[in-house]
Amino acid sequence: MALGATHLSLALCLMALIVLVKSDFDGKKEPINNILEKNSEMLTQDFCIFAAVGSVVAEAIARERRMGASLIRLFFHDCFVDGCDAGILLDDIPGRFQGEKTSPPNNNSVRGYQVIDQAKQRIKTMCPGAAVSCADILALAARDSVAMLGGIPYPVSLGRRDARTANFTGALTQLPAPFDDLNVQLKKFSDKGMSAREMVALVGSHTVGFARCVTLCDDRNINPAMKSTLKCGCPVSNNNTNLVPLDLITPDFFDKFYYEDLIRNQGLLFSDQVLMGSTATADVVRTYNGNPALFLREFNNAMIKMGNLPPSRGVQLEIRDVCSKVNGNSIADM
């Protein structure tokens with residue numbers, strides 16, 4: 001991947017802050033995209049891409065803070081299935097192609113697709129001629145979400161490509177599930193080249209976001225110690241939209257309190273609480289709880305590593321013009 005863009009990450013965050021502060025002090029609340037578009041000619045192409053994505057993410061989180069957590073999860077669910085190839089963004093074509101969107105771990109659960117579409121369109125408007133993949137946009141949106149929710153910005157390199165296919169079954173078999181025991185989780189992360197410590201760091205993203213009651217009403221998915229306090233009115237129908245925070249203390253901020261929940265046996269998901277069932281992972285949980293700065297650094301390093309997971313060998317790649325469908329009219333390669 002092209003590394004020349006990585007040093008612009010901090011500049012993007014500073015620019016976003018400047019834009020937001022300017023808007024507040026002027027009292028005009030001018031939309032971020034208007035400010036950026038007026039100054040787009042002054043931006044280098046890479047910085048223009050970073051600024052375009054960052055402005056869309058900032059607007060989305062301002063509308064709904066939960067969206068930041070959703071964008072982090074969307075990136076994770078893409079990269080963990082056959083690498084960071086934007087396969088999760090492809091729409092199904094009835095009778096012809098079934099992708100990852102409607103695979104059970106993602107269906108009616110993963111969200112944020114419209115934010116990625118908006119970012120793609122803003123790049124076209126602000127940065128004419130810029131060739132940036134949907135996979136790169138996913139990586140940038142996740143990084144910006146971490147930073148805007150209170151984490152530390154980290155470098156994201158550009159150069160990913162979009163797959164002309166997706167893996168419905170792979171989403172079922174490769175993604176960690178809320179009912180996975182510790183050994184299953186360790187195996188799934190190891191298959192991606194991730195250590196136990198990196199796994200504990202990455203699942204620390206559960207310090208933001210929410211779980212659906214429809215998930216928690218399945219006894220396999222919930223920490224048994226939390227079942228008596230669950231306020232979901234189980235059983236619930238599949239279209240139930242009620243939510244429960246994954247981090248009981250600060251669900252809207254990217255911090256270390258998820259780990260404090262685990263130490264108190266108050267992790268919400270079964271798959272989260274089992275991290276305390278082994279010294280190897282429980283010691284890391286305690287370390288991160290006692291040293292939040294270390295957690296944020298090691299989380300960033302793990303995100304960078306995950307963001308470099310390559311697409312499956314032999315898969316045809318491109319830079320999609322529209323993130324939800326392959327270029328051209330043929331789906332023969334799917």
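Numbers here mean position along the shown chain, with the first residue as 1.
From the backbone N, Cα and C atoms, a Cβ is placed for every residue, glycine too.
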### Message
Which residue in the list Cys84, Cys127, Cys134, Cys213 does TrEMBL annotate as forming a disulfide bond with Cys323?
### Response
Cys134
### Query
When you put Cys134 (disulfide bond) at the centre and draw a 10 Å sphere around its Cα, which of the recorded positions Val81, Asp85, Pro176, Cys234 have their Cα inside it?
Asp85
### Task
Would you pick out, from the recorded positions Arg73, His206, the residue whose Cβ has the largest number of other Cβ atoms within 10 Å?
His206
### Task
Round to a whole number and give the Cα-to-Cα distance in Å for the pair Cys213 (disulfide bond) and Asp247 (Ca(2+) 2 binding site).
15
### Message
Of Arg73, His77, His206, Thr250, which is closest to Gly83 (Ca(2+) 1 binding site) if I measure between C-alpha atoms? They're all recorded positions.
### Response
His77
### Task
Would you list, in sequence order, the residues of this chain other than Asp78, Val81, Gly83, Asp85, Glu100 that have their CB within 8 A of the centroid of the site's CB atoms, where the site is the one recorded for Ca(2+) 1?
His77, Cys79, Phe80, Asp82, Cys84, Ala86, Gly87, Ile88, Ala163, Ala166, Asn167, Gly170, Pro311
### Residues that sit under 8 angstroms from Thr250 (Ca(2+) 2 binding site) by C-beta distance, when 6+ apart in the chain
Thr207, Phe257
